[in-house]
Amino acid sequence: MINIVLFGKPGAGKGTQAEFLKEKYNLTHLSTGDIFRFNIKNETELGKLAKTFMDKGDLVPDAVTIKMLESEVDKNQHSKGFLFDGFPRTLAQAAALDTFLASKDQEVTATIALEADDEILVQRLLERGKTSGRVDDQDEEKIRNRYQEYNEKTAPLMSYYKNNKKFHAVNGIGTIQEITKRLSEVINNL
């Protein structure tokens with residue numbers, strides 16, 4: 001079983017690349033953003049709670065995120081592997097994911113970070129916001145707040161996964177096909 005964590009700042013292309021990777025490697029794609037949106041749309045208790053944080057551009061607390069994610073993994077227990085998109089975002093979440101996967105005799109195989117310049121990403125999100133209807137992609141101040149949160153809370157994950165020899169950085173600038181090729185080269189060499 002292969003379990004890959006795909007991370008990068010909002011707008012780095014995680015969702016786009018995850019679609020290609022899940023097909024190519026037959027993985028179950030677990031996007032925390034999609035899971036949040038589903039729970040918010042359906043007004044679940046966890047969804048209502050998550051929305052209060054997302055509306056401010058803040059990260060959703062670990063306990064809420066972890067409960068949502070564990071539920072999705074349990075629904076897909078016969079999967080050949082998982083592609084975690086947007087999770088973990090903090091060291092506490094990484095430890096919780098390791099503990100949860102260990103309880104199922106699994107582990108994170110690799111983490112791959114899509115890296116790109118903030119200014120390029122801001123423009124990507126503002127363009128996406130024009131057609132996606134996603135409110136959090138239409139406000140530059142909220143976007144920059146999300147990047148600040150990422151730098152403070154998510155960036156330390158690089159050291160955590162580097163220390164475990166599971167971290168790979170991939171250039172997230174280029175065509176979709178170029179980036180997919182770079183990601184595939186990393187995965188094929190695991």
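Note: Cβ is positioned from N, Cα and C throughout, glycine not excepted.
Swiss-Prot names G11, A12, G13, K14, G15, T16, G174 as ATP ligands; from the candidate set R89, R128, the record adds R128 to that same site. For the AMP site, Swiss-Prot gives T32, R37, D58, L59, V60, G86, F87, P88, R89, Q93, R134; the one candidate out of R146, R182 that the record lists there too is R146.
Between the candidate binding-site residues, A12, V60, the densest Cβ environment within 10 Å is the one around A12. Across the region 'LID' (127-137), mean pLDDT in this model comes to 73. For T32 (AMP binding site), the count of additional Cβ atoms within 10 Å of its Cβ stands at 22 [all protein chains shown].
Here the binding-site residues are R128, R134, and the one with the most other Cβ atoms within 10 Å of its Cβ is R128. Its Cβ placed at the centre, T16 (ATP binding site) has 14 other Cβ atoms within 10 Å.
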